[in-house]
Structures are given as structure tokens and as C-alpha cells.
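**Student:** Checked TrEMBL, it gives:
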- Gly164, Arg165, Ser166, Ile234: NADP(+) binding site (BINDING)
- 4-119: domain 'Tetrahydrofolate dehydrogenase/cyclohydrolase catalytic' (DOMAIN)
- 138-288: domain 'Tetrahydrofolate dehydrogenase/cyclohydrolase NAD(P)-binding' (DOMAIN)
Amino acid sequence: MILLDGKKVSNDIKNEITEEVKKMKAKGEKVPHLAAIIVGNDGASLTYVASKVKACERVGFESTMIRMSNTTSEIELLDKIEELNLNDEIDGFIIQLPLPKQIDTQKVLMAVDPDKDVDGFHPMNFGKMALDMSTFIPATPFGILELLDRYNVETKGKHTVVIGRSHIVGRPMSILMGRKGFPGNSTVTITHSHTKNITQITSQADIIISALGVPNFLKAEMVKDDVVIIDVGITRVADESSPKGYVITGDVDFENVSKKASFITPVPGGVGPMTIAMLLKNTLLARELRHK
Ligand SMILES: Nc1nc2c(c(=O)[nH]1)N[C@@H](CN(C=O)c1ccc(C(=O)N[C@@H](CCC(=O)O)C(=O)O)cc1)CN2
């Protein structure tokens, strides 16, 4: 079994981006600038945004974090987005999800200038991705592609089963794994909460990408030998014995499934760190596109 080490690969990517930024600085160019809007006080979201800011510092990007209260109205958020759309200093920005329930997420994401949409969530960028056009690919799916690529995991002609159909991971992942090219050329099945007899499907999969958010959902008896496992689950499970009071738990019963797998991502240290690294890649791309 080979561990798909997202922590290591994300570090490599950050080092590569750092070199690019040094070249930009040497030429007197302005470095990429990422902004992140966070609405409310969700602990996990605050951690992720803090990691994004820290990652920007590490590679030499500029960053701006914008905090808005939990009671922010949709109009207030749309005004802030328009401000960032028009701010020439900002190359790309994200709105950390999930948003409080008074805000229509889809409406807000559609207000982002597609050229600054480094999360790749705007319908125009999603459509371009589905049509194999060059665009911003959402960071988590982009990170999974990069991991498969760097470990040379064969995807052509394989049966990929995606568990979960979220707009952030499952849906884009199912499109990307079925597209022409590498990684891709896979035959894809997407499963969700209405899928009947999921074990019958997962047990035929060569590659399983699980983005369900149910800790330890995927058991050893649900997979075949030599399966490739990508675990996108990052649920905080209460655990008084741990210093933080919780442990990050994936969708996959790692201890038992790893005994059958050919490749597997750990949680933590797999897909999560890749998400941050690929956001930086998208921000670099946004900078390049705006100044070419
Ligand atoms: N606007 C966005 N919102 C959200 C996205 C996104 O891509 N854009 N994805 C997730 C959260 N997320 C990034 O925002 C994210 C999740 C997890 C990690 C990560 O590094 N996880 C670590 C564990 C971290 C911990 O201790 O909590 C790991 O898996 O090793 C990074 C980013 C939803 N919202």
C-alpha cells in the first residue's frame, strides 16, 4: 500500500510557488493577492481561513482576511463582493463556506467576478470545467487530480466511484475523472443518499473518492483488493482524550481499508492540505491571467 501524502506534495507545491513569486519579485512585478471573506464564527471555517492566510505568507503572496458577523445580510455580503470585484489590488478572492442560513449561497457565488473566482465555484467556471476549457478548478478536486498525477496513479479505463454529489467536491470530481486526459478517462459512477445497495457499487470500484462527511463510513468489506482510496471526509469527532477535544476523522475506516488498498490518502494529511496548495495555484493563475 502506498500512502498518497498530501502534506508532502502540498509542501512541494508551495515550494514551487515560492520560486515563482521570487521570479516575479526579481522582475519588479506585483505579487499575487488573495482575499478571503468569512461570515460568522464557525471554528472549522476560521481554522481553514487562517491556514489560507498562513499559506499566502509562506509563499510570498499578499492576503487580506475580511471578517463579517454572523448576522450579515445577503445585501451586505453582495456589497462586499462587489467591492472586491472592483478592487484592482485583489487578484482573486474566496467566500468561505458554509454561509449562515439567511444567505443564499448560490446567489452570492454568482456575484463573484469569474476572473477572480479562485475557488472555481462560479457557474461560468464550472461550465468551462465541464467543457474541458481552461479555467479555475475547485481546489479540492484540483488537489485530488494533482495527487493522482504526482503518484502516477492510472485512471484510464478504470471504474471510479464518487460518493457524494456536493457542488464543491463530488459533482466536479465526477466530471473531471471522466474527462479526456490524465488524470481522467475513467468510467464514473456517482453515488449519493438515494443510492440503493452502495456496497454492490463500491465493491466494483477501482478508485473510490469519498466526500460524504460520515466518519468511518467506508468499511473493508465494501471494497475490492488493490482499490485506490481518496478520502475527502474531514469530520471533527468529539474526543476528550485529545488536546483539542476532537479528532479529525475521514469517511474511510483507514485501519482496515488500507490493508486492501493499493493507494490511500490519510486523514488528516491527505486531501485537506492539497486544498490549500491548489487555492494558491489558482491565485497565481488569476494573477497571470489579469496581467498577461
Ligand atoms: N470557499 C471554500 N469553502 C470551503 C472549501 C473550499 O475549498 N472553498 N473547502 C472546505 C474547507 N477547506 C477549505 O476551505 C479546507 C478543509 C480542510 C483542510 C485541511 O487542511 N484539513 C486538514 C485538517 C485540518 C484540521 O486540523 O482541522 C487535513 O485534512 O489534514 C483545508 C481546507 C469547506 N469550505
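Glycine is treated like the rest: Cβ placed from N, Cα and C.
Remember, TrEMBL labels are computer predictions, not curated facts.
I would like each feature placed in context: is it buried or exposed, what are its neighbours, and how far apart are things?
**Tutor:** Annotation note: Arg165 (NADP(+) binding site) sits in a coil segment as assigned by DSSP. Taking the Cβ of Arg165 (NADP(+) binding site) as reference, residues of its chain lying under 8 Å away and at least six apart in sequence are, in sequence order, Arg171, Ser174, Ile190, His192.
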**Student:** Whole number in angstrom, please: the longest C-alpha to C-alpha distance across Gly164, Arg165, Ser166, Ile234 for NADP(+).
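**Tutor:** Between the most distant Cα atoms of the NADP(+) site, 16 Å.
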**Student:** Of the residues in the domain 'Tetrahydrofolate dehydrogenase/cyclohydrolase catalytic' (4-119), how many are helix, strand and coil by DSSP?
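**Tutor:** So the domain 'Tetrahydrofolate dehydrogenase/cyclohydrolase catalytic' (4-119) is made up of 60 helix, 19 strand, 37 coil.
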**Student:** Enumerate in sequence order the binding-site residues Gly164, Arg165, Ser166, Ile234 whose Cβ-atom distance to ligand 1 is under 6 angstroms.
**Tutor:** Ile234
